[in-house]
């Protein structure tokens, strides 16, 4: 029995209801056997059909009632599974947004997409099937065994002794199947990520002239997954064969024992028939559980992974009153970061090392440093995408964490490559504020300089962009990201190399709307382009995960330190 299964909301109540209905189902099974045994024994002894018609009618009534109970159980389990799987998907997607892009990069886009789509459907199937099977295995065999012992003790002993053998074999096969499933799930995750990466990288592979060579890699990954899937199927077929074989063997033992004693006159035909009819019903719940165990093993693993994500504790939270009082950013707010260290996954070293930082109000802060110095990590850290290993964070003199939802809801994040969803331009702009009015949307479009682009589109704001739609240039993508920022209008703006991939002409076209977006916000801009520093109130120079210089542009040039050397190097490169 899976303990986690009963931890879902409403699962215990459903199990109690299912157990009660299953108990009545078990009684129906016994009554069916009694009435059918009477009918067959009566006809065999020479009675007319009319004399056994009442028993025959009762048999059909009990049969219909049994299937009615089965229908009620299935309906209740379906509703529970449907509701729970919907909540799982919603919680999973919400948690992904809370954890941020670092978590997605760690697991892989393909694996997470597969988990949110196919994984949720598999989990739904598992939740729908497994609870009634658990109840049936706990109740029906016990009822039948007690009745068989009361009817014929020897048959009861045979059934009692053969059931443990079947259960032990199921456990052994289940352990082997779980190992196979773990390997297969890992392979499936690799295949999903590989598929998405291959689709995204096809243009690059084509331009490099190696798209045909990539075919071998695709074949190798696919073959590995096929091999593991076939191994799991072989084990499932072996399990089904073993269950059927041992079940038939056990029923045969009961039948032979009944036949011998019937010939010797030690048992009457009617009780012998009743026991023989009940023997397959005794093993049926175990057989169905074994078959559904393999059918729902994917769902069990998917449900476990979904729960692991939704139970992730990397996101903190405050009460609404505390958040309003402590975390609300304004022109008088103060942020103090002291001795914080962060180790970026895969870096093997600290990308932020004992970093201290003071920010206040709506100042504009530029972050400068060489590649790998820790600029992007600092942006991710303040955005709440990664946690510090040590140090303290205080906002308005209150200890806090950047991973709190109340902090993140005040942050607008613009990366180097904004993601465009396969949807209309309107939906992409209003992604963070879907309830925006038409006037608010048009104001954001105008502020971001998107009007000329929209006029060229036949569908205007309804034009489909992203995958499968109209493709936008890098500058146009950034304008969409700026429009999102203007529309949601949050007090904290984080920009991570937003113009690094653009030519200088396009960058200067974007500069004016970006500077307009900076107004009345705390701005942190990580960039290599030093011309942005003229618009910054303060500059942070980062080297090896530490802030080595801080001040205005004039102050840093006068000190002739690291920033002065960077300016001189860029000027020499231009000249």
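Just so you know, glycine gets a Cβ as well, placed from its N, Cα and C.
Here TrEMBL gives transmembrane segment for one range in the set 38-55, 56-73: that range is 56-73.
Looking at the stretches 235-260, 261-286, 287-312, 313-338, the one that TrEMBL records under the feature transmembrane segment is 235-260. Residues of the same chain lying 6 or more positions beyond the ends of the transmembrane segment (134-151) and with a Cβ under 8 Å from any Cβ of it are 1, 5, 15, 18-19, 22-23, 25-27, 29-30, 159-160, 163, 271, 274-275, 278, 281-286, 288-289.
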